[in-house]
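Take a look at the structure set out below.
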Amino acid sequence: NPEIHGNTFLEVVWTVIPILIVIALSVPTVQTIYSLEKAPEATKDKEPLVVYATSVDWKWVFSYPEQDIETVNYLNIPVDRPILFKISSAD
């Protein structure tokens, strides 16, 4: 039973290159996430509208508990009011 030894240099290269690619893609992603725009001043002191978004097969169900309304595949967003999404899946 002969012992097989691989090419160490090649193994290091094909391990290091994907790591460098992931790091190179992670840096701008993290920068973008942390530089997202803050909430507008007009909505700063307002209570958010809670919207429950539930995915069901090939559609979305949006529930507005304050108004006692549900819609399918249609999202109604009021002007100058923050929104708090509570997301879940029925599947």
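Using the three backbone atoms N, Cα and C, a Cβ is placed for every residue, glycine included.
Keep in mind that this is a model prediction, so the values were computed, not measured.
So that you can see what the record holds, here are the features copied from TrEMBL:
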DOMAIN    1-40  domain 'Cytochrome oxidase subunit II transmembrane region profile'
TRANSMEM  12-36  transmembrane segment
DOMAIN    46-91  domain 'Cytochrome oxidase subunit II copper A binding'
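Residues of the domain 'Cytochrome oxidase subunit II copper A binding' (46-91) grouped by DSSP class, helix first, strand second and coil last, total 0 helix, 25 strand, 21 coil. For the domain 'Cytochrome oxidase subunit II copper A binding' (46-91), the model gives a mean pLDDT of 93. Shown for the domain 'Cytochrome oxidase subunit II transmembrane region profile' (1-40): DSSP residue counts in helix, strand and coil, namely 27 helix, 0 strand, 13 coil.
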